[in-house]
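Working notes for the structure below.
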Amino acid sequence: MTKSQRKILVTSALPYANGPIHLGHMLEYIQTDIWSRFQKLRGHECHYICADDAHGTPIMLKAQQMGITPEEMIAQVQKEHQQDFADFNIQFDNFHSTHSEENRILASDIYLKLRDGGYIKTKTISQLYDPEKLMFLPDRFVKGTCPKCKSEDQYGDNCDNCGATYSTTDLINPKSAVSGATPIMKDTEHFFFDLPAFEGMLKEWIQSGSLQQEMANKLNEWFEQGLKQWDISRDAPYFGFEIPDAPGKFFYVWLDAPIGYMGSFKNLCDKRDDLNFDDFWSLDSTAEVYHFIGKDIVYFHSLFWPAMLEGAGIRKPTSVYAHGYVTVNGSKMSKSKGTFIKARTYLDNLDPEYLRYYYAAKLNSRIDDLDLNLEDFAQRVNSDLVGKLVNLASRTAGFISKRFDGKLAKVTDSSLTDIFLAKSEVIAELYETREFGKAMREIMALADIANAYVADAAPWQLVKQDDKQDEAHQVCSNALNLFRILVTYLKPVLPKLAENVEGFLQLTLTWDNLGQDLAGHEIATFKALMQRIEPKSIEAIIDASKENLQATNTDAPKTEAPTQAVNQLELDPISPEISFEDFAKIDLRIARISKAEHIEKANKLLRLELDLGGDTKQVFAGIKSAYAPEDLVGKLTVMVANLAPRTMKFGDSEGMVLAAGPGGKDLFILEPHEGALPGMRVK
């Protein structure tokens, strides 16, 4: 039971209205939808809103290529987006567009408040200009080499490789992505938001608990570099909102995009009499506001957005939750390079509930990347959902219908039910803190208990014995009651399955009625709830996205693993045999890298702090040539935990991390599978 009802507004980042939704996008919407559904299941007032991000030069140029207006294009894309989301059972309370009257009014109002408060500056800048297309080039239409890490083929506003943000004029060897011409410099007057004026407030805010610690650490690095004024204007031609009192100047898309959260909610409030916009957005609001975003847009949501709100006298979000990227079969997805599986391609071949569960089973509260391994995906769904969950009902429901008039018995032994109910607050807390993977493991552990109970009781044998009918009735009724509790726990993740189970059990699944007594309750005839994933369905998705997957796998070293394995054995033969007793002396443990840092004057070593779930060890690892320290923090690895400390000039090294590879850039630390915890022994 919930102690008091909370008022919650939750958002996902706005999908850009110039292309289809892919499975990388779906991670965020599934994550947010699960969290939102959980809050509603617990009885809270929760509103999940979103919108299409519908402004910018990319949309303007693509519409020109299609021979239609930008308005026509974004309307078409929005229809496709909404259908994809609906088919994935994403339950928005409102889905709107940033190209709306609500958003125009709000963006103008916020801008004018910032201007009147002295936070908008104007200055003449030199900007890249396409001499062939006669237009200033927006950030995303200039590509070149990152001025920070020197990675090539990066956009003009931020680097996908190192996460740095910069001005397009800082880009090395820039080229126009519109015409391929080398841009020239041209003067123009632009409007800037005085972000440095909010540095003190932002430093306090990011340490207030509103952000994940990983995000706060990254933002501190940006503070060290110094905050800069933010260019919020673009020159015509541009598809967006014209800036008040500035003909020919338009708001940069990243100014009105986050305001789109407010615009969508305002649209919802205008359609409902029971919702008040100011109850959620006024400075003294006690409602909770949460933004779920990808790690690539942390800078905008954790610096620009709260500073804009502060300057305009509007409340800031309660928390901003970032997640990592999705990879497919171990390889990075890239929308710009076309290496993605479209949501529609998936939906044409598989049940959306499968992906919802798989993502949930791998999600946590950190900013880890999530790998969609298609083989593991099929195995996990078939094992957990079909083999454990649905199987529990399919093995017992038929006996209730055929032998006991479809009515459940009074269960006299409540010991298993008590175990299941005792986990309710544990599972609820895991949902609340976005530790979905841990929640799924708790639920599946209960499913294992229930299936073991049915297997041991063997109702299919009991029903054959006249003197065992009551016992068979008890076992099947108990199993279905446990099944009901399991599906209730999974309702935020598997809403369609839960809906079908509600029809079968002829009751509504709510958190508050987990302990409901079903004695004498009549159920409907059981029908198959879920089918196994067949290899041909996975193959169909691969075939439909073949070009994308092949492009992705081009960068994946493991596609050449068989050849590499042979070559590596020739280069580095297997060592002489050792006894089992010798091997048993080595204590291998799972460790989380809690800190990683460079060592001054050390060419090969990084200093790692390894968390063993109760103890911390310092290790100097010779992996500097292959890893940047910031890429290691938070990762799980395997270490030799009982190696005698080795004194080095930098300090004592108290173990060794395991890595493979010949050296240099070709070093790969070992990472355990999802579910391993710091301190676990590797056997």
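Using N, Cα and C of the backbone, Cβ positions are placed for all residues, glycine too.
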Quiz item: Which one of 15-25, 378-388, 400-410, 433-443 shows up in Swiss-Prot as motif ''HIGH' region'?
Solution: 15-25
Practice problem: Identify the motif ''KMSKS' region' range according to Swiss-Prot, selecting from 152-156, 262-266, 332-336, 352-356. | Solution: 332-336
Quiz prompt | DSSP three-state assignment for Cys146 (Zn(2+) binding site) | solution = coil
Quiz item: Where else in the chain does the motif ''HIGH' region' (15-25) make close Cβ contacts, counting only residues six or more beyond its ends and a cut-off under 8 Å?
Solution: 50, 52-54, 56, 58-59, 62, 73-74, 77-78, 80-81, 84-85, 97, 325-326, 328, 333, 335, 340-344, 346, 355, 372
Quiz item: Between the binding-site residues Cys146, Cys149, where is the Cβ count within 10 Å the lowest?
Solution: Cys149
Exercise. List the other residues in this chain whose Cβ sits within 8 Å of the Cβ centroid of the Zn(2+) site residues Cys146, Cys149, Cys159, Cys162, in sequence order.
Key: Pro147, Lys148, Lys150, Ser151, Gln154, Asp160, Asn161, Gly163, Ala164
Quiz prompt | binding-site residues compared (Cys159, Cys162) - highest count of Cβ atoms within 10 Å | solution = Cys159
